[in-house]
Amino acid sequence: MDLQKFTQQVQQTIADAQNLAIASEHQEIDVIHVFKVLLTESDFAKRAYDVAEVNVEALQKVVDESLRKIPVVSGSGVNYGQAMSQALFQLMRDAEKEQKQLDDDFVSTEHLILAVMDQKSNPITVELKKQNKSKKQINEAILKIRGGKKVTSQNAEENYEALTKYGRDLVAEVRSGKLDPVIGRDAEIRNVIRILSRKTKNNPVLIGEPGVGKTAIVEGLAQRIVRKDVPEGLKDKTIISLDIGSLIAGAKYRGEFEERLKAVLQEVKQSDGQILLFIDEIHTIVGAGKTDGAMDAGNMLKPMLARGELHCIGATTLDEYRQYIEKDAALERRFQKVLVPEPTVEDTVSILRGLKERFEIHHGVNIHDNALVAAASLSNRYITDRFLPDKAIDLVDEACATIRVEIDSMPSELDEVTRKVMQLEIEEAALKEEKDPASERRLEMLQRELADYKEEANKMKSKWESEKSEISKIREVREQIDHLRHELEEAENNYDLNKAAELRHGKIPAVEKELLALETENREKTAQEDRILQEEVTENEIAEIVGRWTGIPVTKLVEGEREKLLKLADVLHQKVIGQDDAVQLVSDAVLRARAGIKDPKRPIGSFIFLGPTGVGKTELAKALAYNMFDSEDHMIRIDMSEYMEKHSVSRLVGAPPGYVGYEEGGQLTEAVRRNPYSIVLLDEIEKAHPDVFNILLQVLDDGRITDSQGRLIDFKNTVIIMTSNIGSNLLLERTEEGEISPELESDVMQILQSEFKPEFLNRVDDIILFKPLTLADIKGIVEKLVEELQIRLADQEITITISDNAKAFIAEEAYDPVYGARPLKRYIVRHVETPLAREIVSGKIMPHSSVEIDLQDKEFTFKVTE
């Protein structure tokens, strides 16, 4: 018996049968062991018996029973599973005879299945006879599966019914109602039909960005085939979507993948043009299976495509088409391109309206039309790195899922009451142990309170459950309508006019009437009373999801946020002292953006802050970030002194291809891509190389920039602040009592214009001059710094108060108009914080104490009170 004459699956079956015999402590490998393995592991054996209409479960029971009857030999030195039984030898010899009869090159699984029928006393044959199955019937089933193929390779079993194994029948899926409806895209579908109807080169390839609906076009074609809304040549055709993953998966040996693909192509060829093969992500076929000098899968397609034996529809993205298919001119020539553009916002709304019902049925919610319009427009405006309609469909789906989760989980109000009941029950159990009068009185009060809470919890629970059941009932009726409509479509396609008339004029209107009554009743109840559950998906839910994905607040302004925005200028005035004009201009820009009246094609605001060092330019940017986002993390700070050389400019948008760091992206572009709603602070811009400003031109004008990877980065939701010290010497010398004269402003602007190009300055919203700080401003800053120190000491519960004399002394001593507020910080650290720290460490100032800081003979004194 030559094992090389067996297919790999038969060889594996014998090896597994031996392992089974060893595990079961059987001395010999028998036919029963082989069939136990075949019935559990071989897809072909199960399929053959299924086609022959054998009761496989009954057969498996017989095999298991027979296995249990084989005697178990135990003891030391026993060799398990080392010999083949006489019956198994006979089976192998009979299988070889079957192989010769069928004119095959190798012994495969089907020969074993046929050979066992010659062993009349074998339990398997006895069971099959009991089920009235003859060898002839099983042989017919095998020939049906083989479809005229011979066993010419050691992987033969892998290649039977290849299309069923490695593909999905889209037309069958449409008939069973598994696919969503395809709305629009009529021009592209017509184009595909036109190409498919050609005599030669009748292979369209759909090219478009990811998410624009390439696969949906093929699904739309399948739906048209089912509706018979196609030319005569395409009627009754089948579209098989090839699953590349399952085609490649498990192909262990060289050539196995090609063999599977060849089997698929052979089946398509034998169908005489009845099967249209759809290969999604067709670029994966080009080069698949290619090893040194080996022929790849793409080359296997070429001859069949050229001869018109293969009707193929491909789909791939623009980048991958260029990268893989355009390089292979011979393959590209055999395909006809169909460009699939991104749909407009209006088209996307139509697509969403068509899918609305499917989402409502799946999630059991009610979607408002304004939610669909919001999904299309907001996704187009804020989610710039993806394409319509995919991103809009995802938004609607996630908003529906959010509402569904809220319906299914316990409402927060009920959850609170339930927790309160649990807390009181624990307290009650503890008080029952106490016997003193005070505890008994407390117990009595607690029991009354507990009874009230329990009653409230029960009321809320019953209300929640009744609302939930109402929503479920509406969902069930919607599902029923969907099922009836699908039946109607099927009846019309099959020309079953009686059934179609009964459904159209009888069943469907009756169920629709029931749904209308339920929805009306539900709406009336909602209007009359406060509902615990919300089942409506509105534009607010969509805006919330956009905010969650991008970090950009697009929801309608709530009361708390209105207050915060209106008071933004006042809050910034407290943080940045003495720069009223700058604060007002920045807060106005944020206000315009949040009210939705800013130019949607430009950043929220772009400013140049000019002024001497230490007057609050960077501090204002930090304060704005803190007030807009409650943290300074949303501020992207880039020190322009790092971009002084020409070659360092590329670091902003990423290194060019071929250079180190190309994959990492740019420091500015990556930061904004991850955080599209943020403040971009470009510190000390006069230190940067002039080429940096060329990059910033389109950012300031169009709110967008292309990084080194070719991605479009959106700056439309950023505040761009640039700081500079240009003209600070003039501001220091000629500012009178904190006011900047028009002449001084004009002189500073002239210096600025000599430093920067006019096209750069012209694109900035505002150039703001920061005034040098006066002594009065410095006193205000002392207050602020003392407050910050107080916050740092709050952890140790130490409170400090500082006398007016001490504050005035600090302001006078530390005031230097040239250096602004920074010397003030240094002075407080040296003369207040350091002595204070020494007192705390020495134990003179303990936690929970108050410290009064005063001035005596130009020295600071610390008076501690408990």
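Just so you know, glycine gets a Cβ as well, placed from its N, Cα and C.
What Swiss-Prot records for this protein:
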- Gly208, Glu209, Pro210, Gly211, Val212, Gly213, Lys214, Thr215: ATP 1 binding site (BINDING)
- 393-527: coiled coil (COILED)
- 3-148: domain 'Clp R' (DOMAIN)
- 6-70: region 'Repeat 1' (REGION)
- 84-148: region 'Repeat 2' (REGION)
- 161-342: region 'NBD1' (REGION)
- 343-551: region 'Linker' (REGION)
- 561-772: region 'NBD2' (REGION)
- 773-866: region 'C-terminal' (REGION)
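Residue with the densest Cβ environment among the binding-site residues Gly208, Gly211, Gly213, Lys214, Thr215: Gly213, by other Cβ atoms within 10 Å. Ranking the binding-site residues Glu209, Pro210, Val212 by how many other Cβ atoms lie within 10 angstroms of each Cβ puts Pro210 at the bottom. Secondary structure by DSSP for the region 'Repeat 2' (84-148): 46 helix, 2 strand, 17 coil.
The predicted model assigns the coiled coil (393-527) a mean pLDDT of 75.
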